[in-house]
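Annotation comment: TrEMBL describes B:55-77, B:97-115, B:121-140, B:152-170, B:182-202 as transmembrane segment.
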Amino acid sequence: QDLHDEHDEL
Amino acid sequence: MNIFRFAGDMTHLLSIIVLLLKINATKSCAGVSLKTQELYLLVFVTRYLDLLYSYISLYNTFMKLFFICSSGCVIWYIREHKTVSQTYDSAQDTFRVLFLACPCMILALTVNHDFTVTEVLWTFSIYLEAVAILPQLVLLQRTKNVDTLTGNYVFLLGGYRALYLLNWIYRILTEPGYRQWIVWISGTIQTAIYCDFFYYYIKSWRNNERLSLPS
């Protein structure tokens, strides 16, 4: 989940 | 998504539109660094591999595809277009990109969140984006009287990074537990690289002069 959140930016 | 992030993305989008407009309208890529564009394509392809297996939003998917396609389009213009390619000055655009890409790959293999192929490539793209503008800045420095649109392109690219800094500050203040050190440190370095350019850009704009960077 943490990792996924980090990749929400472009 | 907050207003700073959205404004940052729109500035990034606009910078690319300005660049494509300049190339298409003037049929010239004078002052544009092919090396920087190739680095950006590498950045986008390695970062957006998640297009193949993860979905965040239609917005994200559209922007990712736009960034990949537009940088591919700029490269095509410079390398392949009949008239535009003749205006490319490879003798000036001599930055050794391997000196940027190799250290970034070594760093990505060493400092990352997860030692998997996609995560290392994603981290590599974050490091590489931080320095990918350098060949363009060196080329501008060698070009006396930078044309307005090329100057605007670089200014908008730097503006997008500055807005991302504000986005992170906003997120730190509003999202408990939010942190992403790799992105923050690389992004801060990336923005700092533009400081010198910003100074001369604003100075030339205030004095109503053509931009030229001191060498």
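Glycine is no exception: its Cβ is also placed from the backbone N, Cα and C atoms.
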Task: Tertiary contacts of the transmembrane segment (B:152-170), as residues 6+ beyond its ends and Cβ separation under 8 Å - done: 2, 4-5, 7-9, 11-12, 14-15, 18-19, 22, 32, 133, 136-137, 140, 180, 183-184, 187-188, 190-191, 194, 197-198, 201
Task: Residue numbers, six or more beyond the limits of the transmembrane segment (B:121-140), whose CB comes under 8 Å of its CB atoms - done: 31-33, 35-36, 39-40, 42-44, 46-47, 49-50, 92-93, 95, 97, 100-101, 104-105, 107-108, 111-113, 146, 150-151, 154, 157-158, 182-183, 186-187, 189-190, 193-194, 197, 211, 213
